[in-house]
Amino acid sequence: MSAIKIECVASEGYRIGESPVWDEKESALLCVDITGRKVCRWSSVTKQVQAISVDAPVSSVALRKSGGYVITLGTRFAALKWNEQLVTTITHVDKDKPNNRFNDGKVDPAGRYFAGTMAEEICPAVLERHQGSLYSLHSDLSVVKHFDQVDISNGLDWSLDHKTFFYIDSLSYSVDAFDYDLQTGKIGNRRSIYKLEKEESIPDGMCIDTEGKLWVACYDGGRVIRLDPETGKRLQTVKLPVDKTTSCCFGGKDYSEMYVTSASDGMDKEWLSRQPQAGGIFKITGLGVKGVPPYPFAG
């Protein structure tokens, strides 16, 4: 086992850094700053961050097969052309809930963009309960609503055989699994596969490695944990120098590097002085596992 190394590759001080996605074509890491209303791209070549400002909280970003990116913006699915800095709305959800916004999102192996909503937070992790729903945007740009009564729709990914969908509703402190039908995108038979320990705090973003194990970023827990979805056991804990770790993905040339986003919202001056890298992007090397490349949205 090589030594694990953690470095802050971009100390951007994001308010809520989220949704890291590796863009192989650009050798770059995409992410968003939700409350900062920015879509960001860190180049592993130049080590610079570019950002595009948008007109609403932007909570996730994904690759698009036809070029450019797709994002969740307020309660809209939208398209983003990076070079033109052009955002166009694809469709709206939760029109009857003006206080809602999208949160985490990810594309399934068939090219559907799954993303869920939540009520706007009064302060971090404090909000009106059960206001969110989980949706998917399909290649014909139609939207399916899977279920509602969600608090904070978060971490999502699919098993290597594509038969299981993993999902987190943060305030349940649980990582859940559903049976998944890749042909139709339908989900069912929800069950909890892991309940977080007190010191792990709130489960946030999630990704899967090539051994089929899940990695979950623990918000206010300052760590990512590796879980075995079959046994429900925690296999590994990697602690970071910031408390508000928000999400994780694999990237780099062979997907052997892990990237972790973080937040600074809700931290006072004294807390920030202890954790000057809060809101930064971290790269973890030496984990000894690789990740699965992200799927592009098919529409």
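Every residue gets a Cβ built from N, Cα and C, even glycine.
Copied from TrEMBL, the annotated features are:
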{"type": "ACT_SITE", "residues": "D204", "note": "active site, proton donor/acceptor"}
{"type": "BINDING", "residues": "E18, N154, D204", "note": "divalent metal cation binding site"}
{"type": "BINDING", "residues": "R101, N103, E121", "note": "substrate binding site"}
{"type": "DOMAIN", "residues": "16-264", "note": "domain 'SMP-30/Gluconolactonase/LRE-like region'"}
Protein Cβ atoms within 10 Å of E121 (substrate binding site), excluding its own: 18
Inter-residue C-alpha distance, E121 (substrate binding site) and D204 (active site, proton donor/acceptor) (nearest angstrom): 15
Candidate with sparsest Cβ neighbourhood (10 Å radius) among E18, D204, the listed recorded positions: E18
CB-centroid shell, 8 A cutoff, divalent metal cation site E18, N154, D204, site residues removed: S19, N103, D104, I152, G155, I168, S170, G205, A217, Y219, T246, S247
Check: same-chain CB within 8 A of substrate site center, minus R101, N103, E121: I34, P57, S59, N100, F102, T117, M118, A119, E120, L127, I152
Length of the line joining the Cα atoms of N154 (divalent metal cation binding site) and R101 (substrate binding site), in Å: 12
Rounded to the nearest Å - Cα separation of R101 (substrate binding site) and the residue listed as 'active site, proton donor/acceptor': 16
Long-range Cβ environment of N103 (substrate binding site), under 8 Å and at least 6 residues apart: I34, S59, S60, T72, A115, G116, T117, M118, G132, I152, S153, N154
